[in-house]
Amino acid sequence: MNMKTLLTYATLLSVTAFSHVVYADNQWPDLPTGFKDGVGAQVGSKVYVGLGSLGKSFYVLDLNALSKGWQKIADFTGAERSGATASVIGNYIYLFGGSGKAEPSDPSPILFDSVYRYDTKKDSWEKMNTTSPVGLLGASSYSPDNRQILFFGGYNKAYFDRYLRDISTTDKQVNPEVWQRIVDDYMGMTPTDYKWNRNVISYLPEKQEWRDLGVSTYLPNCGSATVIEGNKVTLISGEIKPGLRTAEVKQYEFGMDQPWKSLLPLPAPQTSNIQEGVAGAFSGKTNGVVVVAGGANFHGAKQAFENGKMFAHEGLPKAFNSEIYVEKEGIWSTVNSLPEGLAYGASFTTSEGVLIVGGEKSGKEMSHKVYMLAWNGSTVEVID
């Protein structure tokens with residue numbers, strides 16, 4: 001990008017409007033290619049993205065050396081995958097879960113239970129001698145103490161592997177009724193029928209040890225936005241079954257006797273009186289407030305579910321949203337919007353704001369754009 005533009009959007013009343021455009025001193029290099037459904041991790045001043053639409057590729061951007069742009073680093077040594085989760089301990093990035101084909105020739109994808117570690121000093125990958133005890137596709141993770149990694153949510157491996165096998169090995173053209181029945185049976189289950197991971201799971205790399213820290217009082221969900229503050233993590237929205245989101249916001253504080261706390265839910269966007277909830281949203285903190293931006297959902301799914309339809313998103317187009325929400329002192333508000341609807345990219349809290357990278361757009365297009373979101377006290381500046 002030759003010209004970096006600071007786009008400040010006016011607070012919405014009913015439609016989005018640009019307030020003004022000025023030129024920014026900061027320059028946020030765009031990725032060399034589109035990015036979605038991968039992972040992001042932050043080690044010191046460096047942010048990393050990889051997997052998903054990038055295949056086995058990983059890139060790093062040093063926030064203290066922006067002129068170098070995104071640099072390609074060592075390729076991932078495992079199978080390509082989407083929907084994985086990654087967390088950092090020291091100079092290591094640990095990678096878990098995701099879904100893909102173990103071998104390119106395999107008839108169907110699987111949900112991976114393998115664990116990999118990237119050494120940021122040596123620029124090298126290694127496979128750890130362990131497997132996760134629960135499915136971690138779509139799970140959220142963080143390290144509360146720089147020693148262990150905690151996990152929330154995640155698809156059930158046995159159930160999802162069977163669904164992927166059945167749908168991948170059934171010819172839709174030859175057996176359309178059989179194919180549709182497989183979809184209807186899976187998508188028509190209640191949220192609890194999917195048996196997503198409801199426990200808080202801990203992984204201690206130095207001992208290769210997994211522990212169960214207890215059952216969550218909430219429905220398990222996947223694709224949540226996360227905001228990490230020390231030993232606390234805030235889990236924002238996400239899906240409670242395929243196609244159905246929740247507006248719920250909750251916080252987990254590691255080490256407490258009562259670690260869970262309910263927070264106020266996401267408010268409805270200014271264009272609707274219903275908050276469907278979002279999955280794959282961008283999130284972080286800037287100038288003392290929590291920001292949640294973008295995310296995907298199916299408009300109308302919540303009402304269909306409340307009317308008793310379990311396949312709640314049947315026939316509904318997937319919506320990629322542009323709304324930005326701000327939480328200040330426990331209260332949510334809707335403010336301005338992203339330049340376009342985006343979901344399933346990566347986001348990082350930095351000293352200058354929330355850096356968002358890539359994402360899927362409407363029409364299944366992928367974005368290579370990088371923006372900085374900065375709260376100025378009344379609106380979120382979107383710095384290109």
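Cβ coordinates come from backbone N, Cα and C, glycine included.
Per Swiss-Prot, active site, proton acceptor is recorded for Glu239, and the stated evidence type is sequence analysis. The Cβ of Glu239 (active site, proton acceptor) lies under 8 Å from the Cβ of Gly138, Asn221, Cys222, Gly223, Arg245, Thr246, Gly277, Ala279, each on the same chain and at least six residues away in sequence.
What Swiss-Prot lists as repeat 'Kelch 1' is 46-90. This prediction places the mean pLDDT of the repeat 'Kelch 1' (46-90) at 98.
Taken from Swiss-Prot, the feature repeat 'Kelch 3' applies to 147-184.
The feature repeat 'Kelch 4' is assigned by Swiss-Prot to 185-230.
Per Swiss-Prot, the feature repeat 'Kelch 6' maps to 303-352.
The DSSP breakdown of the repeat 'Kelch 7' (354-383) into helical (H, G, I), extended (E, B) and coil residues amounts to 3 helix, 21 strand, 6 coil. Annotated repeat 'Kelch 7' per Swiss-Prot: 354-383, in sequence order.
For 1-24, the entry in Swiss-Prot reads signal peptide, with the evidence type sequence analysis.
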| Candidates 46-90, 303-352, 354-383; stretch with most C-beta pairs under 8 Å toward the repeat 'Kelch 3' (147-184) | 46-90
| field | Tertiary contacts of the repeat 'Kelch 7' (354-383) (same chain, 6+ residues out, Cβ under 8 Å) | value | 4, 6-11, 19, 24, 26, 28-38, 40, 47, 49, 53, 61, 63, 280, 282-289, 291, 293-294, 296, 319-320, 324, 326, 335-336, 338-348
| query | In the repeat 'Kelch 6' (303-352), how many residues does DSSP call helix, how many strand, and how many coil? | reply | 4 helix, 21 strand, 25 coil
